[in-house]
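Student: First the structure, which I've put down as structure tokens, then a few questions once you've had a look.
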Amino acid sequence: MNTSGQQQASSTDNTTAPLPLTSDLTDNNNSERLKQHQTQRLTQHVNGLTSTTTTSSSSTTSPNTSSSNGYEASSSNGNTSHTRNRLTSSSTQTVLTGSSYPSNNGNINSSRIFTNSQKEILRLIGQHLQSIGLNKTVDILIHESGCVLEHEQASNFRELVMSGKWAEALVALEKLKQYIEERDGIQQMKYLILEQKYFELIEDNRAMDALQCLRNEIQGLKIRIERTHELTTFLMFNSIKDMYKASNWSGKGFASRQNLMEKLQKYLPPDIMLPPKRLESLLSQAVELQQERCTYHVKPGKLTLDDVSLLKDHACTKQTFPCVTIQTLTEHSDEVWFCKFSPDGTKLATGSKDGYLHIYDVDMQTYKMKLRKQFEGHSFGIGCIAWCPFSRYIIACGTDECNEIWIWDVEQEEQRSRMNHSSDDSLTCAAWLPCGQRFVCGGSRGQFYYCDIEGNVIDSWEGVRLQCLHVTNDGVILAADTQKRISSYKFDSLTDQQIIHEDHPIMSFTVSKDGRLALLNIATQGVHIWDLHDKQLVRKYQGVTQGHYVNHATFGGPNEEFIASGSEDSKVYLWHRRQERPIMVFSGHTRTVNCVSWHPTLPLLFASASDDATIRIWSTPEHQMKTESLSSNELSS
């Protein structure tokens, strides 16, 4: 680009009388002068800037000087860094005016007035460019858009802070006082500045000056007393490195002052100074929202800007979702009624009509299940399983005809205790308390017991016909009864409170980890989700076939965004929590699917149990290949 004599900054005499805005518009001789004056007048009024600020920005461009790339304008004294010296931080306040763009022939085009959103976008762009050190590009943005990237007082304040001129920075802060909305905001900002000054004096081996700063300036603010006492201790370190570590301070220089500036910016409104890293913050929010709306996103953790492309919306495919059977467990000889992963995820327990409780070890890398132990003796079959919070003990319950429950020690592979309170009992469900030493159990004949790990009944509640039990992480006992209700119970005061009432029988339910949502399997209706806090029905999920048989649904995914349930049509249905229609339907079982359990720590793994006497392990195609490869290697060896 030939810039010699072509890119000339045009400055306008502020004292020139304003041109008329009507008849002169048709005068060709005055049209160029009119455009210049319109630009000046817009510059004077938009965003509160004076014509002096605009003139000083324009006057830094010399008619015949430029950098080697033809873009960097130099000041009249040859100093090309004048503008950049005002833009020392990663966070800049962009104040935009109507602007004139130099054309290739050196003429100034007509004024362009930016919309408010355009102004703010340019402000964000300028801030981000500054943060990654593209100062020359920022200069071009200033020159081409006719904008100033910081409020004048904020720019001066920033420059003083970044230069470590603390006394002058405090004076400049007083000029910004009118913009600070928080009542003690000015005091808090002074404290932060003086704290930085104090640390830098210590680093410079000026202990007496640091002490004077602490006594005369910091203590004089009379705020954050505990922090001030803590600052005193940093004077006593013999090693600067130890002081860095104890104070969590990075040392004198750009990084710590930049961090200080970001803290100070939080007290100033965005009209004066943008919040730190605002563009990155907005993009991160957009990525987070896209992750929440992604139907098939199941990977743990939050996405960052480095994890996605900003050029397109984030969207996972079905291939990244657990959608294939990677293993089929066939050790049971009859219908499998229940399956449940242990809380730590290292084991899978299955219960069957054949009377056996099977414990499988879970390979946390390949997701392969290996049979560890078979517990026998459950003559009525196993219809419910409850793991203790520490994954060591497990309770096995039978059907309506069963009047006893078994407590097994999985680690010792032996029976810990066996409870048989009355021959008239029907003990079909149980749930552990958070302590792992006590539990509640009951059934449809009106028994409701509070017991210790040895099977001793500590307390009882007469007349409650239970269908299902759950204890939340904070110890709230929830029970579904045969009256289509879910209520909370307190044994110490023998009080209960109804939370949910359905129109049809509640066959089973489970609760989210945070205790907020309850997932219900309703006879003839399917799967419903309730908000326990608001006591409101949130959603009814479609697709599943549910009669009067007991079926157990589950939450799944890193943040329990997914719901899975078996069905009497031999399929597994899976929904995104916010969508009523299933996002996937899995075939493979040949009879009713009674229970689905999602792994508590591996979001790409879940299990389903069926009347076809099998348990299917579901994961991604990638893990299917790993499992098949491992099986082939074992056979060949």
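Any Cβ shown, glycine's included, is placed from N, Cα and C.
Here the structure is a predicted model, which means the values were calculated and not measured.
So TrEMBL lists these for the protein:
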- 1-29: compositional bias 'Polar residues' (COMPBIAS)
- 36-49: compositional bias 'Polar residues' (COMPBIAS)
- 50-79: compositional bias 'Low complexity' (COMPBIAS)
- 80-110: compositional bias 'Polar residues' (COMPBIAS)
- 150-209: domain 'CTLH' (DOMAIN)
- 1-110: region 'Disordered' (REGION)
- 329-363: repeat 'WD' (REPEAT)
- 375-406: repeat 'WD' (REPEAT)
- 558-585: repeat 'WD' (REPEAT)
- 586-628: repeat 'WD' (REPEAT)
Student: Can you tell me which parts of the same chain pack against the repeat 'WD' (558-585), counting only residues 6+ beyond its ends and a CB-CB cutoff under 8 A?
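Tutor: Residues 292, 295-301, 318, 321, 323, 512-513, 517, 519, 521, 526-527, 529, 539-547, 549, 551-552, 591-596, 598, 603, 606, 608-610, 612, 618.
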Student: Would you report the average pLDDT that the model assigns to the domain 'CTLH' (150-209)?
Tutor: 92
Student: Report the DSSP secondary-structure composition of the repeat 'WD' (558-585) as helix, strand and coil residue counts.
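Tutor: The counts are 0 helix, 12 strand, 16 coil.
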Student: What counts of helix, strand and coil residues does DSSP assign across the repeat 'WD' (329-363)?
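Tutor: So the repeat 'WD' (329-363) is made up of 0 helix, 19 strand, 16 coil.
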Student: Can you tell me how the residues of the domain 'CTLH' (150-209) break down into helix, strand and coil by DSSP?
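Tutor: Counting residues by DSSP class gives 47 helix, 0 strand, 13 coil.
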